[in-house]
Structures are given as structure tokens and as C-alpha cells.
Amino acid sequence: MAEMNLTLVTEFLLIAFTEYPEWALPLFLLFLFMYLITVLGNLEMIILILMDHQLHAPMYFLLSHLAFMDVCYSSITVPQMLAVLLEHGAALSYTRCAAQFFLFTFFGSIDCYLLALMAYDRYLAVCQPLLYVTILTQQARLSLVAGAYVAGLISALVRTVSAFTLSFCGTSEIDFIFCDLPPLLKLTCGESYTQEVLIIMFAIFVIPASMVVILVSYLFIIVAIMGIPAGSQAKTFSTCTSHLTAVSLFFGTLIFMYLRGNSDQSSEKNRVVSVLYTEVIPMLNPLIYSLRNKEVKEALRKILNRAKLS
């Protein structure tokens, strides 16, 4: 019977928020507005970094890639979410669901690795300032980012193959805003031990491994800051606050979503958290890095002054 059901599954039906039809239009307009702010804010960050020579430092090189990933990350999920709200549900073919799942994992994994690299960048800037420029040369930066992209590709391939070799039976309805692992696991049946082990290995390799790099980097940073005069401690640590804020928001939602047991999974909670990491956090990142960064604010001021003069 499971095999028959498996052969009949040719599409999935996304039904998130369909139980609240009166909220469909307000949520559609809200999420559309947030998506536009996300795209414009992150593209503005990328343009600022490309145009201002003061922002050609390693940290901003990594930040430009993070901004690009945030645009891609949101663009994979938000248009689908808007379609679900507008049409009160949306059908997604098996292949399209797998493709969305792969791209979401790809961009999300790269986000994790980039945040880890940015923590390493802050470690070098604070703990090894004399060697900072010589270690993070242009070639080194390109190699690190290329490594993040390759690791993201491998992670996405492993996770997607593991998830979509599972047997799906029963209902094909997904009470979620896009094709993601927690709701898909609720549709599985039959033997899935090997795939679940691979999925767990992915979660350990991407999320906790990135967090270990971040935590170790900041441990060394804190130790280094404790060794400098009290008057300079706040100024030195302020260079890390933007990154720490972004890390706390991003990894906090990922841990809640992916590192809990299946018994703790709630459709409503998962939907709220998914909106946080697909819409809210990518929208806030440009604000976090610009409002708390003097160099970015100065670059923005220069461009605005040029626009006024022209």
C-alpha cells in the first residue's frame, strides 16, 4: 500500500494560513512589503560595498555575499508564500518541491558558513591586527567564500537526496509556507533510518559546526578584550556587536526549527519561526549592519550627498 501511495504522489499542496481566510490579504500585503524591503535593503548594501573603497575590507566582502544570499534565500520562499496566501493554497509538483528544498538548503547553508567566516574575520581583526591584512588577502577571501559555496552545495545535495528518497504516503498536504524538512517528515512512511541519519549528520555539520567556529572565535575575542585598557574595551567590542546580533537572530531560529525532536514540532510555531528566518531576519540584516556601523553610515551619507548635488 505504501508503494502505491508513493507512486501516486506527484505533487504537494501547501496549505499554510488557509484556516484564516480573513487574514490572507493583510498577510499578503505585509509579507510583500517586507520582501520588497529585504530585496532593496540588501541590494543597497551590496551597491554601497562595491562603490565605496573604504568598504573593500575583508569584513565587507563577506557582508556583500551575506546580503546576496539573503536576497536569494528570501526569493526562494517568499514568492511561494505569497502565492499560498493569494490562492488560499498552492499545488507544487514533486520536482518543483525538491528544487525549492535544494535551493533553500543551499542558500541557507551558505548563510551559516558566511556567518562563521565573519566571526573568524572579527577574531583576526581583534586578536591578530598586525597579521589581519596579510592573512585575509584577496586570494584568501575568494578561497574562503568559494569554500562556503562548495560546502553549501554538498550540504544541499546530501539533504535533498536524503529527504526525497523517503517514502511519502497518505495525505500530500503540507501545512507550511514552502517545502521544508519538518513538514515533509510528517508525510513519510516505511523504513527511513538511513535517510534520517544523513539528515541528522547534515544538521550537525552545518548548524552546530558553524556555531562552534563562532563561539570559539568570540571566546578568543573576549579574552583579548579583557587584556586591553578598560577605556578601549567597549570601542573594540563594538566592532563585533552587529555580527553578534545577526548571529543570535539567525541561529536562534534555526536551532528552534531544526534541532528539536519531532514530538516538539508544532505547525503553528514552525510557520511563525519560518517567517522569522525567511522574511524578518533577511530584512533586518541591512539595518543591523548599517545602523551600528560608522563606515557603512558614512558610505551611505556620501552617496546621498552625491545624489543631492546631481
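Here the Cβ of each residue, glycine as well, is placed from N, Cα and C on the backbone.
Membrane topology of ASP52 relative to ARG306, as recorded in Swiss-Prot: same side. Count of Cβ pairs under 8 Å against the transmembrane segment (100-120): among 55-75, 140-160, 198-217, 237-257, the largest is for 140-160. Non-local neighbours of the transmembrane segment (237-257) in the same chain are 108, 111-112, 115, 118-119, 122, 125-126, 182, 207, 210-211, 214, 218, 221, 225, 270, 273-274, 276-277, 281, 284-285, 288-289, 292-293; each lies 6+ residues outside the stretch with a CB under 8 Å from one of its CB atoms. Residues 119, 122-123, 126-127, 244 of the same chain lie 6+ residues outside the topological domain 'Cytoplasmic' (218-236) yet bring a C-beta within less than 8 angstroms of a C-beta in it. Neighbour counts of Cβ atoms within 10 Å were compared across the disulfide-bonded residues CYS97, CYS189; the minimum falls on CYS189. A helical conformation is recorded for CYS97 (disulfide bond) in the three-state DSSP classification.
Same-chain neighbours of the topological domain 'Extracellular' (76-99): 9-18, 21, 24-25, 27-28, 31-32, 34-35, 38, 107, 160, 164, 177-179, 274, 278-279, counting only residues six or more beyond its ends whose CB sits under 8 Å from a CB of the stretch.
Taken together, the residues in the topological domain 'Extracellular' (258-270) have a mean pLDDT of 66 on the 0 to 100 scale.
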